[in-house]
Amino acid sequence: MTIIALGINHKTAPVELREKVAFSPEQISEALQQLSGHAHFNEAVIVSTCNRTEVYCSLAQQNSQTLLQWLSSFHGLDEHELSKNIYCHEGSDAINHLMRVACGLDSLVLGEPQILGQIKQAYNSAKTHNAVGVTFDRLFQKTFSVAKQVRTETNIGASAVSVAYAAVNLAKHIYGKLDKTNVLLIGAGETIELVAKHLYQNEPQNITVANRTLERARSLADQVSGDVIALAQLPERLHKADIVISSTASTLPIIGKGVVEQALKQRRYKPMLFIDIAVPRDIESQVGELDDAYLYSVDDLQTIVSENMSAREEAAEQAEVIITERTKEFLMWIRSLDSVDLIRHYRNDVQTIKSELVERAVSQLNTGKDAEKVILELANKLTNRLMHAPTRAIQDAAKKGEVAQLNQLKKMLGIDQE
């Protein structure tokens, strides 16, 4: 038996191709049914996200070409063209790859935790469709355990590595808990949307979104149970904010020193935190000269992100060591499975010999034959029958001069020669 991981991701293919290979929830259901009923595949799990699509299969024999043929056929794509952007891992490499993916080591953002939840969802879906057997059940449970160990024993997810996340972390560092803070977000683009999501998880007292287009502001505010104001209302509402985070596409500053001075006066000079992650800047640099206004720019955050990325890369090296060790452990378990059938077959053969000879001995005893002679005959015949195969193996190895084979047979038979 072998395990194969066939996939495509942000490193190997553009989004236009990744879209074509992605599986919708309905398609995953159909695909798992096809793979489960396929003659070559024993088990299957399909992981499909915006950045990657991966099919994990266990097969009786190595046959990655069959899996590629199935994938291209399922999506109606040219097999040759698809193969240019596909990667394939087999055996220990496939196991190692799965564990690396689950730990976020193969993600666009190093160490991101979302992929683990997506793999768990893929595994549960495969179980629901009876596409997971003993091997994959053990493999994926082991993978989840490894991901937890990496999170616990390294700092892979401890530091912010996006500007949006760093902005929220900076606010937390300064204020501690954010549950008593009022936050003003200026803009409604992708970066501010990410900031809003990170903020919402920290449960600030209030989030207000200010934007030139109120419709976009409302769409974002609805996601975080926030309020909406127009940009023109900033001068009259600024004093209510403890934290201001801005990221618009404006070519000129939106907040000047004078407006902030007025807001601080209305707040009785209670400090304000300004985080400007726009390029060009939304907040005049002179704001940082005010005693009770603390201004951080996108460059400040990029420095934090760069330092944190270095820390994550160091943690990733520690994670690789853990993953390598756990891959070896799983391979040992796989190999132990290969011995189970052999042991069962050998035991059945011995039991057959025993039953045959015991039945003959009992028959002889029933005819009145001397019991001692019957027992001796039984012992001799049982010994000869059990010794026949290893004796032949020893003789053959000796004739061929296979010293290593002879030593292996001695070890197997427990023969200790001085």
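Any Cβ shown, glycine's included, is placed from N, Cα and C.
Model, not experiment: these values are computed from the prediction.
Residues or ranges marked as active site, nucleophile by Swiss-Prot: CYS50. Residues or ranges marked as substrate binding site by Swiss-Prot on the basis of sequence analysis: THR49, CYS50, ASN51, ARG52, SER107, GLU112, PRO113, GLN114, GLN118. Residues or ranges marked as NADP(+) binding site by Swiss-Prot on the basis of sequence analysis: GLY187, ALA188, GLY189, GLU190, THR191, ILE192. The annotation site 'Important for activity' is assigned in Swiss-Prot to HIS97 on the grounds of sequence analysis.
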Residue among the binding-site residues PRO113, GLY187, GLY189 whose Cβ has the most other Cβ atoms within 10 Å: GLY187
Nearest-integer angstrom distance between the alpha carbons (Cα) of THR191 (NADP(+) binding site) and CYS50 (active site, nucleophile): 18
Cβ neighbour count within 10 Å of GLU190 (NADP(+) binding site): 10
Spatial neighbours, same chain, of HIS97 (site 'Important for activity') - Cβ under 8 Å, 6+ residues apart: ALA5, HIS89, ASP106
Under 8 Å by Cβ from ASN51 (substrate binding site), same chain, sequence gap 6 or more: ASN9, HIS10, ARG18, SER107, LEU108
Of CYS50, ALA188, ILE192 (the recorded positions), the residue whose Cβ has the fewest other Cβ atoms within 10 Å: CYS50
Site diameter for substrate, Å, by largest Cα distance between THR49, CYS50, ASN51, ARG52, SER107, GLU112, PRO113, GLN114, GLN118: 15
